[in-house]
Every structure is written in C-alpha cells, then in structure tokens.
Amino acid sequence: MSLLLGRTYWAAFIYVLLISHSCNGFYLPGSYMHTYSTGQEIFAKVNSLTSIETELPFSYYSLPYCKPQGGVKKSAENLGELLMGDQIDNSPYRFRMNINESVYLCTTKPLSENEVKLLKQRTRDLYQVNMILDNLPAMRFAAQNGINVQWTGFPVGYTPPRSQDDYIINHLKFKVFVHEYEGTGVEIIGTGEEGMGVISEADKKKASGYEIVGFEVFPCSVKYDPERMTKLHIYDNVTSVNCPLELEKSQIISEQERVSFTYEVEFVKSDIKWPSRWDAYLKMEGARVHWFSILNSLMVISFLAGIVFVIFLRTVRRDLTKYEDLDKEAQAQMNEELSGWKLVVGDVFREPNFSKLLCVMIGDGVQITGMAVVTIVFAALGFMSPASRGMLLTGMIILYLFLGTGAGYAGVRLWCTIKGTSEGWRSVSWSVACFFPGIAFVILTALNFILWGSKSTGAIPIYLYFILLSLWFCISVPLTLLGGYLGTRAEHIKYPVRTNQIPREIPARKYPSWLLVLGAGTLPFGTLFIELFFILSSIWLGRFYYVFGFLFVVLLLLVTVCAEVSVVLTYMHLCIEDWQWWWKSFYASGSVALYVFLYSINYLVFDLQSLSGPVSAILYLGYSLLIAIAIMLSTGTIGFLTSFYFVHYLFSSVKID
C-alpha cells in the first residue's frame, strides 16, 4: 500500500514538472491579462470612499459626483469584499488607449445645504476616492516632510492651513503607463476577479496590443465658469489646465455653487511588464525591521529551548534513570520520600474544572490555528494576491468552515479522554460549532448596528447575514458533528497512571499562580509585536500587506514559543505540587491575547491619533477584541496540547502502582 502511494506521489510530481516545463512563463498572482488596441475604450471603476480618520466607508455616489450615462451599476463582489465594505461601481471616467486628451464630464446642479455639509464633512475627515483602472488602484505621490510618500486614491477635497474654507477636487490628471505586448508565446495563468485565464500560442495575434502596467493620478481644484461649461457635452474636449496654486482660482465648497468636473489623460510607454505591475504597490518597506523581529524571536526561542533541554535531559531523565535503577523495595521506600512532580502522580490527570468548556475551546482553537496556517501558506505562495480583492478574507472563511471536522474531532476526543466515555459528545460538538462563531456573531452584529446608524457601506447587508448563517449551519455545523463522531470512533488516549479518589491538597504559595501565567504571555508577544505593527497598519491605515513569507516564519516561531512556554510553566507548577495544570497550560500561552489587545489600544492612542469620534473608536476596539479572542483560542490550544503530551510522556515513564 505504502509503495503504491509512493509511486502515485512520484507520478504526480513528475506530471507537475512536465506541465511547468511546457509553460514559457508562469504567473500566479493578479488577474487575467488584458491587452488593448489603440483607441479602445476602457472605463475606470470606483470603490467606496475611505478614511483613516473614521474607518467608516461610504458609497462614492453618496457625494454629488458625475454619474455614468447608462446609470450606476455595481460590480459583482465576492464574500470578502462585501464584509470589508467594498462597493465597486462603474464610473463615467473613460480612457481611450494611447490617446492623450483633456475631457469634460459634467456640471452639478447648485449645491444644496445638505450636499455642502456632507462634502465639507468628508473633506475634513480626510476621505479618499478609490479609483480602479484595469484592476489597478489609482496611485498618487504626495510630499511629506520632504519625502515623496506613495498613497492609493486621492482626497475628496482639502482645507488650506489657517482657513475655514474647503475646496473640492474636481480636476484629475491621469498618467497611464502602458507596455507594448507582441504575443511572444508567454503563457499566463491568473487568479483574479475575471477567473482563470490562459494566453496560449493560438491567441498570440488576438493578445497583441498594449497592457496597462501603471495608473497614477494628480488631483487638483479648478474654478470654472459654470455658464460656459454647461454648454458642453460629456467627453467634449477642453483646454488643458495647470493646477492653480491660488485659492481664488480653486473651486470652493459653498451653497449654490455649481461644480464642473474635468480630467486629463496621458499615456506613457513603460518597460514594466504586466506580471510586475503590482511591484510598485507592494514595495516592502522596513525589511530590516522584519529581520530584526525574526532574530529577536529566535533569541527568545533559544533561551526557552535551553530551559526545556535542561528540564528534559538533566532533571527529568536523571530522576527517571535513578528511579528505574532501584529494585522494588527501594522504589517503595523512595515513593514515601518523593518530592516535587512525582508527588502528584495520583492527581495529575484528575478531571479539571469546566472540562466541557476546555474541550470546546480546544476544538475551536484547532479550527482557528488550521485556518491561519493554511491561509498564510497560500498567501505566501501567491494564491491570494491583493489584485483579487477580498480573496484573503473569503479564503479564511471557507477554510474555517471546512476545518470544522478537525475542530469537532479534537474537542470530542479530548472529552472522551477526560470522561473515559463518549457520552455527551453531541452536546460538545454543537458547543464547538457555536462557541467562537457565536461570539463573532454577537460582536459583529453590535458593530453592524453602529454602521447601519452611520449609513456606511461597511454595514453587512441583511441578505449577507442569511448567507453567512446558511454557510454556518449547512457546512460548518454538519462537518463539526462529523468530526465529533469520528472523535468517538478514535481510540481514547489512556492515562499512564491511576487517579486517586481523594484529591491531594495543594500547598500554599507565596505568590498567586495567575501572576506567573499572565507573565508567561509576554514571551510569545515578544515574537509577535513587531509584525503586529505592520498588520495593524495595513488594516487601519489602508496600506498593502504582502510580506506573508515573513509572517509565516513569525507564525512558526510563535507556535514554538507558545509550546515551550506552556511546557516550562506546567513543569514548574508540577514541581510545587500543583496538579491543576490544565487551564494554566492553556492560559500560559493564551495570555498573549491580552497583550495583543493592550497593544491594539496603545496603537489606537499613539499611532491612530487621527481617528476621530467615539463610533470609530468603538469599531476599532470591537474588531480588536474579536481578533484577540481568536488569538487566545489558537495560542492557548497550542500550549495546552503540547503540555498534555509532555505530562503524558513524563508520567508514562514512571512505574508506580
């Protein structure tokens, strides 16, 4: 059987090699490449308006912008995009390949009091317009402290220093970088929003043309004569304008003002090839800091590994060897003189308090850990490109649903081990299926009411609630129950020693044990906090995070540190005759979540100083709390399972009747 499996794996490996050699070029991230002929029309799309000050996305057409001739049409969105608050619509911004032009769009009706108030509010809250052309976000460069800083999108408007007036951005200068493609037999496989696509040898002629490899925008405010502009029609050519520096020539936001929108397009030939077009967005900043984070983690791991090495090889093995070398009479005499962890041999596997809750949390922890590992591996391999918006979140949800089998299996098998019987496994399976999703449902619903009240596109629509609940009850719950059933069929883990009927009294301690447990969480946090800064910046400051290779290494280091910390702390408690190690081993590594949540508050106070209003702060803290709970379940599970097998191994080596 094993020989057959081995041959099958080798055959699959050779097949993959042959396939890869048959491709002239292979590119996984991004969407299917489009080529355009000269003069071909391309329309830009617009995403939700976003702000790092409020974190509340709003629809682009909630402001008095020009609308497309055929009406506003929403693009098809995946589950991740809907949950992230993305709302991608069509726009009237038309581009004709390789034709430089200056174009008129429309002139608004006189601005009403309500529209002025909304425009001023969005301007003061630093809202950005997010425009997309051929799946590339518009990029702009802004001078900040003498350095050119790269941003995606452009502001709704601006407020000059020491001024009470606000000015709207109504003229855009686009620079579109194109690369001439001559169909040289490159085979490209894409995973973008258009789905899988292959450019083969047969499509050479059809594919020849120009690829869009860059999209920059320079925004400015220009005051036009509305009487003259209203005589023009959409896409009529207008005179190219220089962005005015004088405020008198800029378009002020005030009542009864009529705002005219125009834009210019310049096409520039580029040597950048289509597979490399996202490099400008994904430039890895702070690589040295990432390496410092990893080296810092390695030092912590080495220190803890040294302690574990001493425990295993010097203390435990020495004691066991000395004990096993004695004859039976000497062992019996020594049993009366035992000290430390050997004294709790009759209590170490005694059922913990709230054993069902422990089993449920371990089951959910296995599910979350599996989801995190697989997601990061796939992202590191390039399967979840930022070009495929919402793919990361969609992938995480799908993985979580299908890993319900593992959650049910782990939770029920631990339950059967603790109880010695499979009775009550259905209740445990149902609890595993509903515990973390239930917490997430309560938190997200509370936050959703806030978003609904603010009329934000970030609010989850009612129909999406029904979709999520359907996925939960139709996929996750049945798979968790299946996993639970498999857990009852698996061989129960047998304890190596018998448990006494009367529990042993735990000696009084000079310090409370929870203090040591909480302190243990600082070590896993030390491996994580630098990478945590970059992750929080990508979530809340709208920056791209694509260093998943670094993140995968940090995840491996975090797992190692959690396991080592939990083993060391469990051994320390057993040495002081504290046999109640079950929950302590869980929270020894799980307490890292407390520090993650506290760091999130620190980030809110010192790095998100621009975040304004109680609504934004509540949203931030709500999402941070949900992330912290997920981290607690994941890291706590890693620590507990490692400690369980450590204790099982330790006492299985002791020959005591």
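Each residue's number is its place along the chain shown, starting with 1.
Placed from the backbone N, Cα and C atoms, the Cβ positions cover glycine too.
Listed features, source TrEMBL:
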TRANSMEM  291-313  transmembrane segment
TRANSMEM  357-384  transmembrane segment
TRANSMEM  390-416  transmembrane segment
TRANSMEM  428-450  transmembrane segment
TRANSMEM  462-486  transmembrane segment
TRANSMEM  514-540  transmembrane segment
TRANSMEM  546-574  transmembrane segment
TRANSMEM  586-606  transmembrane segment
TRANSMEM  618-651  transmembrane segment
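Of the ranges 357-384, 390-416, 462-486, 586-606, the one with the most Cβ pairs under 8 Å to the transmembrane segment (514-540) is 586-606. A contact links the transmembrane segment (462-486) to the transmembrane segment (390-416), because at least 3 Cβ pairs that are 6 or more residues apart lie under 8 A. Beyond its flanks by at least six residues, the transmembrane segment (428-450) meets 356, 359-361, 363-364, 367-368, 404, 407-408, 411-412, 415, 459-460, 472, 476-477, 480-481, 483-485, 615, 618-619, 622-623, 625-626, 629-630, 633 of its own chain at Cβ-Cβ distances under 8 Å.
When Cβ-Cβ distances below 8 Å are used as the criterion, the transmembrane segment (586-606) is approached by residues 358, 361-362, 514, 517-518, 520-522, 524-525, 528-529, 532-533, 536, 540, 561-563, 565-566, 569-570, 617, 620-621, 624-625, 627-629, 631-633, 635-640, 643 of the same chain, each at least six residues removed from its ends. Long-range neighbours of the transmembrane segment (618-651) within the same chain, counting only residues 6 or more positions beyond its ends whose Cβ lies under 8 Å from a Cβ of the stretch, are 55-56, 316, 341, 345, 348-349, 358, 361-362, 364-366, 368-369, 372, 436, 439-440, 443-444, 446-447, 450-451, 493, 495-497, 524, 540, 558-559, 562-563, 565-567, 570-571, 574, 581-582, 585-594, 596-597, 600-601, 604, 608, 611.
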